[in-house]
Amino acid sequence: MHINNWPTHERPREKLLAHGAATLSDAELLAIFLGSGLRGHDAVQTARNLLHTHGPLRELLDRPPGDLMRLPGLGLARACKLTAALELSTRHLAAALQRGASIHDPISAGRYFAQRLRANPNEVFAVLFLDNRHRAISFEELFHGTINGAEVHPREVVRRALTLNAAAVIVGHNHPSGNREPSPADQMITQRLKNALDLIDVRLVDHFVIGDGAPVSFAEHGWL
């Protein structure tokens, strides 16, 4: 059945307009981008097949344009459009966190960490330094590790905070495995980092763990 023959409340575009993009599944969002499906399949079916065969979503979207264009249902034009859309999203988040921008939306900060770190094949620990009005000073990838972890040194974060005259920091790191649940080591280093920053009166605002799906916020879970 063609999507136009679906009940109105089940159509992806109508659902997006009525309830917002966040309420749609990965397949529904991808279907809106595709616009139409392959012969004999509507856009949602085509999107589901793409995700089932070439997903999950992160792996699909991390592919370079040359790989995307060879996937059924995409082709050159859609592969280029999808890559451009992802880059626009990255630049939109970067603009919101540019130097001097006030950080009042932790969700946007988490998304920015995700955009910067998620595709790394190895673990990376990054810090966003803020002034006393929570304006961005600098985003820095301070520690790089292996697929299994990155060694984090709180004293280096403290040194950079003092150099930049930061009043607060947001930190984040990726889990290359895609598992976004914080490990005991993540919990331990967060507490060590918080204690070290407290000594110089710099606030640890949040720690994001980046994997598949939405970033996990330590602050949101009351772990700080």
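Cβ coordinates are placed from backbone N, Cα and C, and glycine is handled just like the others.
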Same Zn(2+) site as His173, His175 according to Swiss-Prot: which of Asp186, Asp198? Asp186
Counting other CB atoms within 10 Å of each candidate's CB, the least crowded of the binding-site residues His173, His175 is His175
So what sits near Asp186 (Zn(2+) binding site) in its own chain, CB-to-CB under 8 Å and at least six residues off in sequence? His173, His207, Val209
